[in-house]
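S.K.: Pasting the feature list from TrEMBL:
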DOMAIN    127-214  domain 'CAAX prenyl protease 2/Lysostaphin resistance protein A-like'
TRANSMEM  20-39  transmembrane segment
TRANSMEM  71-90  transmembrane segment
TRANSMEM  211-229  transmembrane segment
């Protein structure tokens, strides 16, 4: 983009948010088109061999066996428990490996939210709305189609479902290029994967993913504006 005279680093927060939104829209359209091009010629095979994995179905959201909204809400609650347990284990492990020094070293690594922190800090509500659209609408749509709908479902041809969930979750964590949050991303990916496996409906992990991302973003934005970001351990504050 620099060759085209576009340098996001020289933009103000609002312009950066609009740029991020435009790039994410383009990335989503291109990536979904690519997945569709790869899957559509084999859709009959996918439905037969993978037991109808690749599916969007808004009907019966609270149906007992596979209601997508029901298991989305259950999965969202499970995410809190799973990540709380993961955080506890990591905290114990870090202290055992060197206490405060290990914690400080971990905090210096890149995290998933680092790139949007300057945008969240803006007083412009339009900036926050643009970031919310990217993280809570476009990212869940794209990532769930790719990692759950395409990769996880494809892996079930060679692996049992738990193995496919784990493998796709590791890829999900690696794809974020956020070493500080890698373990948490894998755990989140597993919640998303097992929720998807339960309902066979992509709306389930999309709902969980969207609620989780938007919740984190709103809490971080409130902490920054309220002046207690440092107490929550948010980098740079």
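Just so it is clear, glycine is given a Cβ too, placed from its N, Cα and C backbone atoms.
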S.K.: When the domain 'CAAX prenyl protease 2/Lysostaphin resistance protein A-like' (127-214) is classified with DSSP, how many of its residues are helical, how many are strand and how many are coil?
M.R.: 77 helix, 0 strand, 11 coil
S.K.: What average pLDDT does the predicted model assign to the domain 'CAAX prenyl protease 2/Lysostaphin resistance protein A-like' (127-214)?
M.R.: 95
S.K.: By Cβ distance under 8 Å, which residues at least 6 away from the ends of the transmembrane segment (71-90) in the same chain are close to it?
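M.R.: The answer is 183-184, 187-188, 190-192, 194-195, 198-199, 203-205, 207-208, 211-212.
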